[in-house]
């Protein structure tokens, strides 16, 4: 006979719990939205500063030139000292794939939302095609340098026996070793990706200043690119500390910087190029973004 009031009380309690959970979810979503808005605004302002962008080049140079000195002050047994560590396998070895995926999504959204023109969007995305060509071309050039400067060695109990055999592929298949000048492809790629991402992401500050659509998806994609840029900086530091010879790292970073200069610093400012980041997107005077 008393089940009616008990059941009613139970239903009322569950309803209150659902209401509280609904309110909690709304609060969490509001906090997440506020953090997303604030974080994207601050990151855009930071990356869009011309002064800080110039300092960023100096930062990368300092990392490559002076970073190897830290090898005397760090634990040589840390996980980052192993070639087989998770970050080296999953991120560094596929750095261009990660960069192209994240940055491609960002460029696609920014350009299309700003212009609503497929042709302009495709033109800006072609910078990533050029970047892929630079990456592939540099990799082949590094292998050619190693072939031209190398010699074949056969491991023996007493040491190494030098062979006057120029065919590197057949010598490696026979179990011999090929030693030549090896430009650090990881240092090259991470340096190039850092400079490229910093250049592309800097456009977001001007995008916001012009009051263009900047919803949560775009802001999230932008912040993911910022996080990836931070990861590349960290992994570049790990690379110069733990791996490769000093000159190999410096040359790799120098080639990456030179590749950035030839493209973003020179060619992309010409009319017969893919265009520099932000070119042709902002045709109206900027206004404060609310």
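Going from the start of the chain as shown, residues are counted 1 onward.
The backbone N, Cα and C atoms fix where each Cβ goes, and this holds for glycine too.
Note that this is a predicted model, so its numbers are computed, not measured.
From the options 121-141, 142-162, the stretch Swiss-Prot describes as transmembrane segment is 142-162.
With respect to the membrane, residue 117 and residue 246 are annotated on opposite faces, judging by the topological domain names in Swiss-Prot. Counted over residue pairs separated by six or more positions, the transmembrane segment (250-270) shares fewer than 3 Cβ pairs under 8 angstroms with the transmembrane segment (19-39), which leaves the two as not touching.
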